[in-house]
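J.: Please read through the structure below; I'll follow up with questions.
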């Protein structure tokens, strides 16, 4: 059995299914490039047949990412598989991941197919996919609740047809570590051709055991691929956290005896990027990437760490990408210094025009606050990345008036399809007034389901990062805006969310694996 653990990242596919986490093509490309710097083995870039937007995003990622295998999900039918293969064609290395449900409940209620029909369709799907690539992954949806005899029959059949990775998902997060490991081991032992495939796990965190289940399946069940997401992003309670399984295997190599190719110094930058793009703030006590992950409040612990770090730290903060929150630039810093710092932070901008736009925003910010931190620079880049030629709404300016005892009044100027619009509104507070001002011109009909504010750095000069979540006609999107002025950040976030609602290239089919 191999001593290499394959890391399969599905942030861009399964992670995006978290309500409000939908991303634009440009945002997906930025995350894919960071995943490449992280050196994940496989990037599941999306589900090509779900929408034109997902197809184009996968194709764009396949064109720019060269060092990771690019994967697309596909249902077990020729149309989906051909669509996936077409999207993946530009990739240096690609995988088709096809699936069909195998539990009695899913076959009867959802697919309305007999077991024999499912068996045949699974085999034919893998056979068809082999026309395009030798790298085929098969998942029996709801596999952990499937009849063991039937599950083994299906998996033996798809391996015979050429499936090279078999992924056994815990679709509803019901499994427990020992039982899940037993399932993987039992299936492998019962299938005569099991040695011809890599065995993979895909766990959901509904009972808080996704990481534990994945690691148990690796150590006790013989799995050699873990499907995971940055920050554990995903629908319901999320997926297996990439950062946690990677650091568990790295830190406890004495126990797992496995090698992982991930560049762990890129973990925190990846976490911050996904958080900034999706608007999903990482909880402070989150393992590895939380703000308090390496903080010690106890006097005894602090004393121990000062004397010898390994008294209370089992891994080093710098090994996962945490750096000191130092001042890097100021208002007198030039364009070359700014560009150099972007490179040090692992930020790649596509053109000099993008560098110039980001530098212009940096100079504006430097006039407002004396100390510019790395987090400020990352926020600037994220803000600028939201702007593209197809942008429907774009913030220009804001003025507001608020006196004690009077309802606040706001005036917002913004572009809508290239035309400048000015809206005015009143509300219970300055933010409420600002959003009413925007709606006076937009009339979106959207419902706000979340509004949150986060300080990017410490101090009263810190930029505010606002996340707005809107819902309309069954679609839920997030918008993120940053500015030293919280009200302006709110306007930017609201317009960013409206842009995503306006974008028709949104995933329509969201399968659970």
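Any Cβ shown, glycine's included, is placed from N, Cα and C.
Copying in the features that Swiss-Prot gives for the protein in this structure:
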type	residues	note
BINDING	14, 202, 204, 239	Mn(2+) binding site
DOMAIN	5-268	domain 'Pyruvate carboxyltransferase'
REGION	394-513	region 'Regulatory domain'
J.: Enumerate same-chain residues with a sequence separation of six or more from residue 202 (Mn(2+) binding site) and a Cβ-Cβ distance below 8 A; give 'none' if the list is empty.
T.: 10, 14, 139, 167, 168, 169, 170, 227, 239, 240, 513
J.: Can you name the residues of this chain that are 6 or more positions from residue 204 (Mn(2+) binding site) yet have a C-beta less than 8 Å from its C-beta?
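T.: Non-local contacts for residue 204 (Mn(2+) binding site): 169, 170, 171, 172, 173, 210, 234, 235, 236, 237, 238, 239.
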J.: Around the recorded Mn(2+) site, report the further residues of that chain (criterion: Cβ within 8 Å of the mean position of the Cβ atoms of 14, 202, 204, 239; site residues excluded), sequence-ordered.
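T.: Residues close to the Mn(2+) site, other than 14, 202, 204, 239: 10, 169, 203, 205, 210, 227, 228, 229, 234, 238, 240, 513.
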J.: List the helix, strand and coil residue totals of the region 'Regulatory domain' (394-513) as derived from DSSP.
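T.: Output for the region 'Regulatory domain' (394-513) reads 30 helix, 51 strand, 39 coil.
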J.: How would DSSP class residue 14 (Mn(2+) binding site) in three states?
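T.: Assignment for residue 14 (Mn(2+) binding site) reads coil.
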